[in-house]
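Colleague: If you scroll down you'll find the structure; I have some questions about it.
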């Protein structure tokens with residue numbers, strides 16, 4: 001094991017902005033002036049929860065001089081991409097590699113995947129046929145429903161083994177009927193999050209399956225925040241309002257899509273009235289650990305957002321849709337823990353394409369595990385002062401995020 005100047009932290013740099021097709025050889029060529037520790041074994045790509053390259057990598061080097069040479073490569077190009085180079089350390093590298101990728105410590109190996117984009121009228125037989133050759137456990141398909149008891153167009157499928165679930169991910173973007181189906185890694189915990197008791201919902205007329213986006217009859221999945229003073233408590237309430245076990249339900253999903261091909265029924269389930277000072281309606285969170293994004297490019301997709309926060313693994317992304325049926329440039333991103341939400345704040349004012357993104361924290365420490373958080377947060381670039389301001393060292397996490405919305409007096413009020 002190589003020893004560094006800080007008690008075994010080694011000589012590590014992190015690269016960001018790598019092309020998706022980047023290879024170890026490409027990294028070696030980019031850092032040709034540096035000596036990489038253990039050669040090819042010293043390059044560690046970071047993967048998304050779907051098993052794809054995230055565009056980031058850690059590289060172990062031989063000496064402090066090699067680190068200095070690597071840092072001089074910051075903002076130089078690899079192909080058509082310019083690469084950012086940051087100084088890192090072994091603690092950050094080990095933590096990130098452990099908590100990223102499809103086989104991360106954060107991913108329960110229970111054989112679940114999540115489907116999104118199921119077509120109108122999709123039946124249980126079609127889901128089984130979609131995964132033909134992959135064994136699904138008895139009663140292994142869960143169909144979430146919206147507050148009115150209607151199927152949402154998503155499904156959870158549990159396979160007989162984790163290996164089969166990994167194979168199922170290979171069906172991503174294949175078709176059922178005329179619809180491309182997205183397949184994501186999931187867990188039993190995520191399935192359970194859909195079974196929590198629903199809050200009191202606002203009655204809004206649901207459209208028929210062929211209504212166009214932007215019409216007055218569009219179904220808006222907004223909820224009244226029960227027992228909270230708007231958003232000032234800093235904690236969303238959990239639950240999407242029950243789920244329906246696999247029992248042959250095949251009701252109409254009422255899907256429609258926006259200009260970018262996203263399912264409005266899904267996007268709108270995460271929409272809230274964005275007149276922040278006046279509205280009592282907020283998006284529900286399944287975890288209570290949320291980061292709000294502002295300034296997104298209008299063509300930004302959920303994958304863009306997942307990649308933006310990489311190597312962190314958001315639980316869910318809600319892209320906001322305005323009353324006119326168009327994206328607003330804002331989104332809510334849920335994380336599994338308070339520590340991950342705080343770590344995500346290190347990306348505040350970072351760029352997505354040509355836009356810099358503002359982030360606002362809305363999370364509480366109730367479900368956090370702080371034993372490792374201070375070291376990890378600093379490794380992720382979050383200062384102790386920011387962590388304190390964000391609630392890691394404070395018992396009071398109310399008001400700032402909500403106040404920033406209510407009066408728009410704060411551009412970045414963290415909890």
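Here the Cβ of each residue, glycine as well, is placed from N, Cα and C on the backbone.
These came from Swiss-Prot, pasted as-is:
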type	residues	note
CROSSLNK	87	SUMO2 cross-link
CROSSLNK	167	SUMO2 cross-link
CROSSLNK	185	SUMO2 cross-link
CROSSLNK	200	SUMO2 cross-link
CROSSLNK	224	SUMO2 cross-link
DOMAIN	11-90	domain 'RRM 1'
DOMAIN	111-188	domain 'RRM 2'
DOMAIN	289-366	domain 'RRM 3'
MOD_RES	1	N-acetylmethionine
MOD_RES	2	N-acetylmethionine
MOD_RES	104	phosphoserine
MOD_RES	107	phosphoserine
MOD_RES	161	phosphoserine
MOD_RES	187	phosphoserine
MOD_RES	193	phosphoserine
MOD_RES	195	phosphoserine
MOD_RES	215	phosphothreonine
MOD_RES	265	phosphoserine
REGION	81-86	region 'Interaction with RNA'
REGION	179-184	region 'Interaction with RNA'
REGION	355-360	region 'Interaction with RNA'
SITE	16	site 'Interaction with RNA'
SITE	20	site 'Interaction with RNA'
SITE	52	site 'Interaction with RNA'
SITE	75	site 'Interaction with RNA'
SITE	116	site 'Interaction with RNA'
SITE	120	site 'Interaction with RNA'
SITE	150	site 'Interaction with RNA'
SITE	173	site 'Interaction with RNA'
SITE	294	site 'Interaction with RNA'
SITE	298	site 'Interaction with RNA'
SITE	326	site 'Interaction with RNA'
SITE	349	site 'Interaction with RNA'
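Can you tell me where each of these features sits in the structure?
Modeller: Residues near residue 87 (SUMO2 cross-link) in space but far in sequence (CB under 8 A, at least 6 apart, same chain), listed by position: 12, 13, 14, 67, 71.
The 10 Å shell around the Cβ of residue 167 (SUMO2 cross-link) contains 15 further Cβ atoms across the protein chains shown.
Residues belonging to the domain 'RRM 3' (289-366) score a mean pLDDT of 87 in the model.
For residue 161 (phosphoserine), the same-chain residues 6+ apart in sequence whose C-beta sits under 8 angstroms from its C-beta are 111, 135.
Neighbour density for residue 187 (phosphoserine): within 10 A of its CB lie 21 other CB atoms from the protein chains shown.
In the three-state DSSP scheme, residue 193 (phosphoserine) is classed as helix.
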Colleague: Using DSSP, tally how many residues of the domain 'RRM 3' (289-366) sit in helix, strand and coil.
Modeller: 18 helix, 30 strand, 30 coil
Colleague: If H, G and I count as helix, E and B as strand, and all else as coil, what does DSSP give for residue 116 (site 'Interaction with RNA')?
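Modeller: Once the DSSP labels are grouped into three classes, residue 116 (site 'Interaction with RNA') ends up as strand.
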Colleague: Going by Cα-Cα distance, which of the recorded positions (20, 120, 150, 193) sits nearest to residue 75 (site 'Interaction with RNA')?
Modeller: 20
Colleague: Sorry to bug you, but what's the C-alpha spacing from residue 52 (site 'Interaction with RNA') to residue 185 (SUMO2 cross-link), rounded to the closest Å?
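Modeller: Computed Cα spacing between residue 185 (SUMO2 cross-link) and residue 52 (site 'Interaction with RNA') is 12 Å.
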Colleague: What is the separation, in Å, between the Cα atoms of residue 349 (site 'Interaction with RNA') and residue 294 (site 'Interaction with RNA')?
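Modeller: Residue 349 (site 'Interaction with RNA') and residue 294 (site 'Interaction with RNA') have their Cα atoms 10 Å apart.
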Colleague: For residue 294 (site 'Interaction with RNA') and residue 150 (site 'Interaction with RNA'), determine the Cα separation and express it in whole Å.
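Modeller: Distance (Cα to Cα, whole Å): 31 Å.
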Colleague: Where residue 120 (site 'Interaction with RNA') and residue 150 (site 'Interaction with RNA') are concerned, what is their Cα separation in Å, rounded?
Modeller: 12
